[in-house]
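Here the structure is laid out as structure tokens; the discussion comes afterwards.
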Amino acid sequence: MAMEYEPIKPYADDLEDSVYTQEKHFSIDIDIIGNAEKIQDDDESKNLNQLAFRISDPNIANKGEESPFIPASNSTNLPLHGQQPPQHRLISLDVFRGLTVVLMILVDDVGGILPAINHSPWNGLTLADYVMPFFLFIVGVSLGLTYKRVSCRVTATRKAILRALKLLILGIFLQGGFFHGLNNLTYGMDIQQMRLMGILQRIAIAYLVAALCEIWLKGDDHVTSQLALLRKYQFQLLAASVLTVIYIFLLYGLYVPTWQYQIPDATSSSAPKTFSVKCGVRGDTGPACNVVGMIDRKILGIQHLYRKPVFERTKQCSINSPDYGPLPSDAPAWCQAPFEPEGLLSSVMAMVTCLVGLQYGHIIVHFKDHADRIRLWLIPSSAFLVLGLALDIFGMHINKALYTFSYMCVTAAAAGFLLAGIYLLVDIYGYQRMTLVLEWMGKHALVIYILAACNLIPIVIQGFYWKQPPNNILSLIGIGR
């Protein structure tokens, strides 16, 4: 997202004017995950001589953190130590974002054909389950770059809140039910039934929490070591720890009573069928009696939850598991119940993922040596991986729908390893031609998500037909039948 912070004079590094090209043409002014290591394009001619002077001045070039524009050698035979970060935006972050967009489109389009890469029906981890935490992680990394200097905390807070609200409203519009789908040409939103949460809504919430932490919860320490880095951001680490404790306490401590839901009878016009789900337990993490679903039903309302949850592909609910299919004859009562995969309590751990990414972004800001950056990324990533797998073995299962702590650890570790690998490949060794498409997609992530992942283009095209709605362009090529 576009953010504002105090520029390093004489080059304005404020993303308000220079984030992505599409922000100049897209009136919503939202960029999901902006990148702050970019020299301002505006006033380029004015600052060119000053920039050349600063780069060539050894006294300035050796000031480390105060001079982020030191050019890096593209030579592939130089050691990591002594090489400095690139003088332009961090290409690896764009590539990482673009790769995540590709992964999102892949699992959306191919997941129905290959259920093995689709979201896990409940416990477990598949390729699709990495998409959401990767986006959240990248949001955090970018915030660390965007807010490295804040001239006015109140102004930055106001802008962060406004941008989060814009993204939240956009998410409700795209995922709330206004577009009825490829098989239904009617449009509009029933406010009593619209879905309140979704992917963009979760990103908006996590972004806002991480942005506020970065604006208000960092010290004035000058970072010269890893210990100094921890001291400077100790309150952010405390905030992440508190959120984790709250999530675990609620997930395993709250009592889940028996509950009911209704679904219309498709075979008749009679009253909706009522199903009763027997619970009366604490600490259950199954599909029926978990606290995540209970909180969403109580606060959001069951009519505002997602109506096609992943647990419909479990063996209890589908004869074609892990794919969707008819209900078995002995299917439990909860199989057709709504469940919000981007719910309120699970979004607490999504905030933690964003805060973890924020700390990785701090490493980029405060450590200029390539080897230091990679080392400081790999150490916590390895720790997260070991912790997450250990928790899964001892009963805290990796679960995307609940966004369990073990799931957060494993996916954050994967994001850290992937960031380090892409950084090594692209920003250190300079293999950028092979990633140009991913880089472009990363710079236009929000627009691609709206047009592709939300099926906006097919839905709009389907509105043009010959004489009857079924005679549309998409039907001719086999889409939306």
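Glycine is no exception: its Cβ is also placed from the backbone N, Cα and C atoms.
Sorting the domain 'Heparan-alpha-glucosaminide N-acetyltransferase catalytic' (89-213) by DSSP state (H, G, I as helix; E, B as strand; all else coil) yields 81 helix, 3 strand, 41 coil. Annotation source TrEMBL lists domain 'Heparan-alpha-glucosaminide N-acetyltransferase catalytic' at 89-213.
What TrEMBL lists as transmembrane segment is 95-118 (among others). When Cβ-Cβ distances below 8 Å are used as the criterion, the transmembrane segment (95-118) is approached by residues 33, 126-128, 130-131, 134-135, 138, 313, 322-323, 418-419, 422, 426, 435, 437-443, 445, 448-449, 452-453 of the same chain, each at least six residues removed from its ends.
Annotation source TrEMBL lists transmembrane segment at 130-148 (among others).
Positions annotated as transmembrane segment by TrEMBL: 160-179 (among others).
The feature transmembrane segment is assigned by TrEMBL to 199-217 (among others).
Using a Cβ-Cβ cut-off under 8 Å and counting only residues 6 or more beyond its ends in the same chain, the transmembrane segment (237-255) has close neighbours at 213, 217, 230, 280-283, 285, 290-292, 294-295, 345, 348-349, 351-352, 355-356, 359, 402, 404-405. The transmembrane segment annotation in TrEMBL covers 237-255 (among others).
Feature annotation from TrEMBL assigns transmembrane segment to 344-365 (among others).
The annotation transmembrane segment is assigned in TrEMBL to 377-398 (among others). Non-local neighbours of the transmembrane segment (377-398) in the same chain are 123-125, 285, 356, 359-360, 363, 404-410, 412-417, 419-420, 423; each lies 6+ residues outside the stretch with a CB under 8 Å from one of its CB atoms.
Taken from TrEMBL, the feature transmembrane segment covers 404-426 (among others).
The transmembrane segment annotation in TrEMBL covers 446-466 (among others).
Outside the transmembrane segment (404-426), and at least 6 residues removed from its termini, the chain residues within Cβ reach (under 8 Å) are 90-93, 95-96, 99, 125, 129-130, 133-134, 137-138, 141, 244, 247-248, 251, 285, 349, 352-353, 356-357, 360, 370, 373-374, 377-378, 380-385, 387-389, 391-392, 396-398, 432, 435.
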